[in-house]
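Annotation comment: Swiss-Prot describes A2 as N-acetylalanine, evidence class experimental evidence. Marked as active site by Swiss-Prot: C277, H335, D358. Positions annotated as Ca(2+) binding site by Swiss-Prot: N398, D400, E436, E446, E451, E542. Look at Swiss-Prot and you will find K467 tagged as N6-acetyllysine, backed by similarity to another entry. What Swiss-Prot lists as site 'Important for catalytic activity' is Y519, and the listing cites similarity to another entry.
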Amino acid sequence: MAEDLILERCDLQLEVNGRDHRTADLCRERLVLRRGQPFWLTLHFEGRGYEAGVDTLTFNAVTGPDPSEEAGTMARFSLSSAVEGGTWSASAVDQQDSTVSLLLSTPADAPIGLYRLSLEASTGYQGSSFVLGHFILLYNPRCPADAVYMDSDQERQEYVLTQQGFIYQGSAKFINGIPWNFGQFEDGILDICLMLLDTNPKFLKNAGQDCSRRSRPVYVGRVVSAMVNCNDDQGVLQGRWDNNYSDGVSPMSWIGSVDILRRWKDYGCQRVKYGQCWVFAAVACTVLRCLGIPTRVVTNFNSAHDQNSNLLIEYFRNESGEIEGNKSEMIWNFHCWVESWMTRPDLEPGYEGWQALDPTPQEKSEGTYCCGPVPVRAIKEGHLNVKYDAPFVFAEVNADVVNWIRQKDGSLRKSINHLVVGLKISTKSVGRDEREDITHTYKYPEGSEEEREAFVRANHLNKLATKEEAQEETGVAMRIRVGQNMTMGSDFDIFAYITNGTAESHECQLLLCARIVSYNGVLGPVCSTNDLLNLTLDPFSENSIPLHILYEKYGDYLTESNLIKVRGLLIEPAANSYVLAERDIYLENPEIKIRVLGEPKQNRKLIAEVSLKNPLPVPLLGCIFTVEGAGLTKDQKSVEVPDPVEAGEQAKVRVDLLPTEVGLHKLVVNFECDKLKAVKGYRNVIIGPA
């Protein structure tokens with residue numbers, strides 16, 4: 001009788017499997033695999049080798065605290081002649097003496113997570129068990145049978161493997177891309193993402209069921225959407241919008257997700273202070289990409305927060321055009337969420353592809369502060385009965401704005417604007433540092449028959465109010481125009497551009513006002529206004545009325561959003577009519593310049609020289625540069641400028657870098673001081689092999 005088969009050791013083939021599964025950055029010390037794709041193991045036995053027909057090798061793969069075959073969290077499979085796609089299987093490919101090379105496969109719908117792999121080796125009636133090791137299983141966008149399959153290699157590279165990108169802010173008229181370090185493959189991030197799943201209330205309530213459902217990206221996306229905010233659970237980020245961040249970090253100061261996720265872990269899964277929409281979205285993007293789900297951050301400019309799902313944002317204004325009363329429904333200058341790519345087997349066919357998920361805590365969904373996933377196609381078609389949260393997302397990009405302006409006699413005059421909400425919906429382009437406009441994926445062209453049909457469906461299914469017609473045109477129109485030099489620290493002019501398209505004169509009065517505004521629409525102090533101007537608009541005339549805005553009036557009050565709202569109200573008393581025009585102005589920050597000193601080689605020290613010219617008429621105090629970059633820095637680094645920086649002078653520091661990864665990387669920089677906040681910059685750095 002043959003002696004027992006004794007395993008000496010198991011080689012998990014980290015390098016080969018990491019390369020094949022596109023997990024090399026994660027496979028330095030443990031095995032990380034993508035489901036539905038074969039992987040290699042090498043078994044080294046003591047004494048004699050494996051003999052087919054004499055020895056039986058049986059494998060066990062388990063995940064979660066309560067594994068079961070019925071739940072799909074435990075699999076038992078024996079060595080076969082060839083690996084079988086779509087199931088757990090193993091095959092001996094090569095044998096040299098007492099060493100055997102194995103190819104194993106996993107199902108494309110297996111639950112993701114941490115697995116323990118063990119071996120039962122039996123000879124006759126005797127046998128022994130051995131733990132081969134642990135591996136982490138992720139979603140696989142390269143596997144056609146996986147729910148997250150994406151057929152474009154360029155898109156897979158961008159939406160799963162790329163660790164840096166841009167998030168778009170500012171206003172619809174001036175879009176500003178800020179660099180962000182997602183860092184999904186940085187040290188410890190994968191473990192933190194798995195910890196996040198194991199901290200969610202559904203896992204704590206029924207761990208076995210939760211682990212089983214991790215086979216479905218729809219489920220995991222919804223869990224991540226809830227766990228990135230802390231409103232119902234031990235989530236990652238606490239939101240705050242009141243510009244008081246002294247006991248935490250200002251949302252505008254973050255430059256990457258890595259520091260946030262590491263803080264959450266180091267704090268014992270206690271909330272990190274503070275986040276706003278783009279921070280929530282960026283952290284969700286990091287987690288979902290890390291787990292293997294193709295994901296991108298999306299910005300919607302002029303985004304509606306419609307609480308009662310009537311597709312109307314109503315503003316009640318006084319005679320000067322200032323908003324009064326309840327401000328719970330607002331138009332945000334911009335709002336960010338994420339889109340993830342997946343099939344929707346829980347819905348009828350046709351809803352696969354990009355799904356919107358919003359981790360910013362706004363409204364509850366099925367009792368939890370989360371939103372989505374909802375198919376972007378459902379939003380475009382007005383299919384508001386499709387899971388999850390379609391009415392809320394539809395309103396964000398399609399609501400109408402109704403202005404009620406109080407007249408001198410106390411009556412209210414109404415106007416509707418159909419064209420304000422859901423503009424310039426933006427994301428980073430694939431493979432390029434440029435913005436891609438994806439508005440067409442959410443909305444049909446304004447005024448098209450397809451748009452009308454989508455609104456008919458939305459109004460019918462959600463029992464929404466019928467759209468009302470805009471007030472009758474008077475032939476007088478007004479727009480807010482901007483001048484040149486719209487930069488932080490400058491004095492500048494804006495203009496009320498008024499046209500009379502009729503053959504008659506119009507006697508009008510004009511009010512112009514500029515106020516500080518936060519990105520979520522909350523108004524601050526007035527920084528410029530004019531007295532009531534009496535105007536005579538000649539037939540077919542054009543008029544341009546300036547309003548001067550001084551740094552000394554806005555500098556101490558501007559929020560980190562760098563936004564000023566200009567409002568013009570043109571009143572024609574004789575016709576009892578008015579024209580309201582508003583525009584949000586973004587003040588551009590100074591440029592951060594980055595020079596890389598030294599030869600950019602792997603594991604060779606580099607120096608980054610980072611500088612910024614003071615654009616203000618006053619000195620800058622407490623200047624500090626913070627830098628980070630996946631593959632360039634192990635941790636975030638901050639360097640202070642010891643002396644005040646006078647007007648027109650340079651703030652300059654040098655930062656040591658030690659690149660660990662070959663290829664293209666982004667060094668992301670944030671600058672802060674007493675007068676300038678959240679100034680961002682970046683530099684692409686190509687690292688060559690040592």
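Note: Cβ is positioned from N, Cα and C throughout, glycine not excepted.
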Near the Cβ of D400 (Ca(2+) binding site), how many other Cβ atoms are there if near means within 10 Å?
22
Can you count the other CB atoms that lie within 10 A of the CB of E446 (Ca(2+) binding site)?
9
Recorded positions clustered about D358 (active site) [Cα within 10 Å; pool: C277, N398, E436, Y519]:
C277
How far is it from C277 (active site) to N398 (Ca(2+) binding site), counting Cα to Cα, in Å?
19
Three-state secondary structure, which DSSP defines for H335 (active site):
strand
Measuring CA to CA, name the entry from the recorded positions N398, D400, E436, E451, Y519 that ends up nearest H335 (active site).
Y519
Give the helix, strand or coil assignment DSSP yields for Y519 (site 'Important for catalytic activity').
coil
Between the Cα atoms of Y519 (site 'Important for catalytic activity') and N398 (Ca(2+) binding site), find the distance and write it as a whole number of Å.
19
Would you identify the secondary structure of E436 (Ca(2+) binding site) according to DSSP, in three states?
strand
Using a 10 Å radius around each Cβ and counting other Cβ atoms from all shown chains, which of the binding-site residues E451, E542 yields the largest count?
E451
Under a three-state reduction of DSSP output, how is D400 (Ca(2+) binding site) classified: helix, strand, or coil?
strand
Name the secondary structure element type, per DSSP in three states, that contains E542 (Ca(2+) binding site).
strand
Taking the Cβ of N398 (Ca(2+) binding site) as the reference point, list residues of the same chain whose Cβ is under 8 angstroms away and which are at least six residues distant in sequence.
A304, L311, V421, G422, K443, F455, A458
Are there residues of the same chain, six or more positions away from E436 (Ca(2+) binding site), whose CB falls under 8 angstroms from its CB, and which are they?
S426, T427, K428, S429, V430
